[in-house]
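*Asks:* Quick paste from Swiss-Prot:
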BINDING   240, 459  substrate binding site
BINDING   372, 374  Mg(2+) binding site
MOTIF     372-375  motif 'DXDD motif'
């Protein structure tokens, strides 16, 4: 990994001019002014309308008067060395975590461990088949007498504690522990009344009555058998069982297979035909344990043995979680802005997902005959994004006759997070993918309705910022999202190890919710931001040196151009590309303005010297000379071959401008060509059919987006700009960029066109106040 070299001098400038406080919600001194301005303070809670009034102060606050180009990348400071070492250590930790993922890491479920502990020795001895489960239970009772996650939820605590008490009593072990557990249930059962039903564990109403009956049969004294809430749960179970067709459980894989231990008397042998390839029933250890108790099936036994291997003697609530853990890990790393450190691991993960992909979708673990829209949507999006061939029509399996999408067959109440992942997947749409169009409309409206009610309905995860995450996601579609803007927000939303997942019991997923991910992301974000601030100093110096204000270019416009570059290509080592991006945008505007003002109609061929001729013919030799010097400075330092190509693409662009055919689209293609050439593009590729198609589409898209922005005719429907032709063109561009076709154009080169197009979409979609806020978050707000 390339280290960032920063000198002491610009660091001192930054410290003087960026007096940044660590508290997010306290007043933070954002920028300390230069000598031209009084000290300036901005509250982090500032209203968007105030931001536009700040812009002119902000863009001059980091002035370039004391910095020079050579300051951009010099000696390391001790602090920087320490930061780089921490980053390297974190990267190594995460790499090891990912490459040793195996079946996926997941915390132990007291409930599932207790069910497995009930299994008697299969050879007929009066002993438990899995004594390690009893040992785990005995060693993991909490101080208050309960079992469960540290995040308190009465559903989780009551079920886990009841199951553990029954397991210990079935073997007449640990009477003192049993007594504490019984006391806990008796004293806390009343808390079920008024508890948040969205946090109710999966199958709660099915399995609690079953274990209460088992406790009765074992003669456990003191449990609240007759408590009204316990009776209410039993009544709910009976009502639900009446609604389930009697033979449905035997006919096809449904979510009923997840809670077989709570369904009562079953024809257990008939169920074996629905067994997954790994021996489980819907990846549930407790459900599989129930089948094992009644059938002594060897596959069930082998599955449970495997599930217990890596859980310190206990069992997780589901196993394996190889699909779930891999997909969500990739998603988190991407949104945190640190996926570039783990490209090898991500490819390894996605190769695995592709190898276990089914025509009907995927579930949390491989080898199941069941799928859900959550895992399948995440898989479709990530596979597609990385160039894998995946058919989005797999999502039709989750579409009901009324046009609604459901997480899985039999889901009674839909949750927000699966529908949000469906919405995110549907935004990566290729032409003709109608199911994704339908999914976009349904998911957007479904989520928007929840937001209007100011309350999300969520059954699968407890995350403090899920509401804000979804709200932002609907306001900022993928086309209008820039990588560093996404990372800046997700650093606020990502809870690290604080996220709690809901299954039959609460559980944690260290490959998904991991504090090291966040620590690394914060270190990386701040390191990149420091580099960006130094480059912004250099951009201001360039602005003053080249007298850009005389061409009508404001520092606000300069900042916006640099922000678009830095929010897209943000890596510290890509300084040259960022500065080239920002300066190309500005210089193209300067030249266009100059030519329009000069009113010349001089004809140009592809001779690059035509630009000199136009400028020299102008009466204002001072301004003309400045423009010419600025232009030549942009190209200074490139090798002869690169310079030749740059002159060619700039000449083509200038000819269009001189002939009155300049447009936002032409500017976009110029920018993409300039970036690609400087990245080492072979000249032959410029005339390649695929490259030409990318250029043509980008020109058309960005021209239309520039018109929308200039004419202020933005209309948004279902989260995207309302323009059917523009939408179709964006889909075509996304397909050209993302789909691997074995063509001559490198994937990174193709991505440049999409990146440039997304900045134009961003400009057209977001108003100035929103952009100001994003600039603040990406370039000036520290993350702590």
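Yeah, the Cβs are placed from backbone N, Cα and C, and that goes for glycine too.
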*Asks:* Check the binding-site residues 240, 459 for other C-beta atoms within 10 angstroms of each C-beta and report the one with the most.
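*Replies:* Sorting the candidates by Cβ neighbours within 10 Å, the top entry is 459.
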*Asks:* Report, in whole Å, the straight Cα-to-Cα distance of residue 374 (Mg(2+) binding site) from residue 459 (substrate binding site).
*Replies:* 12
*Asks:* State which of the following binding-site residues has the fewest other Cβ atoms within 10 Å around its Cβ: 372, 374.
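*Replies:* Counting other Cβ atoms within 10 Å of each of the binding-site residues 372, 374 gives the minimum at 372.
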*Asks:* How many of the residues that make up the motif 'DXDD motif' (372-375) does DSSP mark as helix, as strand and as coil?
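*Replies:* Split into helix, strand and coil, the motif 'DXDD motif' (372-375) gives 3 helix, 0 strand, 1 coil.
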*Asks:* Please report how many Å separate the Cα atom of residue 240 (substrate binding site) from that of residue 372 (Mg(2+) binding site), as a whole number.
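*Replies:* So the alpha carbons of residue 240 (substrate binding site) and residue 372 (Mg(2+) binding site) sit roughly 21 Å from each other.
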*Asks:* Residues of the same chain, at least six outside the motif 'DXDD motif' (372-375), with any C-beta under 8 angstroms of its C-beta?
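*Replies:* Same-chain contacts beyond the ends: 323-324, 327, 361-364, 395, 398, 405-408, 417-419, 421-422, 460.
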*Asks:* Mean pLDDT over the motif 'DXDD motif' (372-375): what is the value?
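*Replies:* Over the motif 'DXDD motif' (372-375), the predicted model scores a mean pLDDT of 96.
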*Asks:* Can you check what DSSP calls residue 240 (substrate binding site), collapsed to helix, strand or coil?
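*Replies:* The residue in question, residue 240 (substrate binding site), is helix (DSSP, three-state).
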